[in-house]
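Novice: I'd like to ask you about the structure that follows.
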Amino acid sequence: MSTTLTNKNVIFVAGLGGIGLDTSKELVKRDLKNLVILDRIDNPAAIAELKAINPKVTVTFYPYDVTVPITETTKLLKTIFAKVKTVDILINGAGILDDHQIERTIAVNYTGLVNTTTAILDFWDKRKGGPGGIICNIGSVTGFNAIYQVPVYSGTKAAVVNFTSSLAKLAPITGVTAYTVNPGITRTTLVHKFNSWLDVEPLVSEKLLAHPTQPSQACAENFVKAIELNKNGAIWKLDRGTLEPIQWTKHWDSGI
């Protein structure tokens with residue numbers, strides 16, 4: 001069911017990153033009420049730019065590391081909800097691409113996403129009297145088919161797809177819908193220099209960038225289109241400047 005972003009309150013985790021910042025710029029053009037950006041590193045110039053694009057949108061920044069204990073996330077969310085009262089959409093966008101950092105890759109790309117999602121359910125879950133909400137999780141095309149030289153990163157993104165698909169099926173119980181946006185190779189600092197697992201391919205970043213890529217601006221525009229389409233359970237592929245729904249093949253059914 002499509003949605004308008006006008007007057008919506010959005011929390012964007014990692015909304016100042018490569019794709020994140022361009023997406024934040026597109027979001028404020030949609031006349032949000034509040035854009036709350038959570039990121040590890042403050043960027044006052046970027047925040048000022050977002051405010052200048054559309055002064056009607058209240059843009060707020062809070063420092064946030066997704067690897068903190070879930071109790072810290074809940075505490076931060078209480079502060080945010082006390083200020084904006086309601087939150088309509090959570091975008092989980094934190095990610096690193098460095099298979100030398102195995103534990104941190106898993107902590108940022110998957111565990112942190114799960115914990116942030118779990119924490120906001122305290123405020124949204126209709127079983128607790130909550131109003132429900134929408135979760136947009138950023139995955140990657142590597143969640144469909146791995147870049148085998150970075151198996152840790154690829155594994156976390158496959159986990160994001162499965163976790164989010166489960167959230168979508170739980171919507172009748174929780175009132176919270178969910179979908180993934182999965183960018184292809186996008187020209188950002190994330191892919192300019194990174195490390196393969198056990199250095200199996202020292203030139204992996206150069207080889208990836210030799211393939212067809214997309215600018216982050218094109219990815220951001222399709223990102224916001226996917227948010228506006230608001231299709232529960234959707235698995236969106238954002239590759240080479242296009243937006244395409246993925247039809248997931250079922251090879252097994254739990255039967256429950």
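Every residue gets a Cβ built from N, Cα and C, even glycine.
Feature table excerpt (Swiss-Prot):
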type	residues	note
ACT_SITE	Tyr153	active site, proton acceptor
BINDING	12-35	NAD(+) binding site
BINDING	Ser140	substrate binding site
Novice: Quick one: what's DSSP say for Phe12 (NAD(+) binding site), helix, strand or coil?
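Specialist: It is in a strand.
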Novice: As a test of the contact definition, list every same-chain residue at least 6 positions from Ser24 (NAD(+) binding site) whose Cβ is closer than 8 Å to its Cβ.
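Specialist: Looking at Cβ-Cβ distances below 8 Å from Ser24 (NAD(+) binding site), excluding near sequence neighbours, one finds Phe12, Gly15, Leu16, Leu35, Ile37, Ala46, Leu50.
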Novice: These are the binding-site residues: Gly15, Gly18. Which one scores highest on other Cβ atoms within 10 Å?
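Specialist: Counting Cβ neighbours within 10 Å, the top one is Gly15.
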Novice: Sort out for me which one of Phe12, Tyr153 has the most neighbouring CB atoms within 10 A, since those are the recorded positions we care about.
Specialist: Tyr153
Novice: According to DSSP, collapsed to three classes, what secondary structure does Ser140 (substrate binding site) have?
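Specialist: Coil, per DSSP.
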Novice: Taking only same-chain residues 6+ apart in sequence, whose CB is under 8 Å from that of Lys33 (NAD(+) binding site), what do you get?
Specialist: Asn7, Lys8, Asn9, Val57, Thr58, Val84
Novice: Count the other Cβ atoms sitting within 10 Å of the Cβ of Leu21 (NAD(+) binding site), across every protein chain shown.
Specialist: 21
Novice: Helix, strand or coil at Lys33 (NAD(+) binding site), per DSSP?
Specialist: coil
Novice: Rounded to the nearest Å, what's the C-alpha distance separating Gly18 (NAD(+) binding site) and Ser140 (substrate binding site)? Just drop the number here, would you?
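Specialist: That comes out at 14 Å between the alpha carbons.
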Novice: Who sits close to Leu27 (NAD(+) binding site): which same-chain residues at least 6 apart have their Cβ under 8 Å from its Cβ?
Specialist: Leu5, Val10, Phe12, Leu35, Val224, Ile227
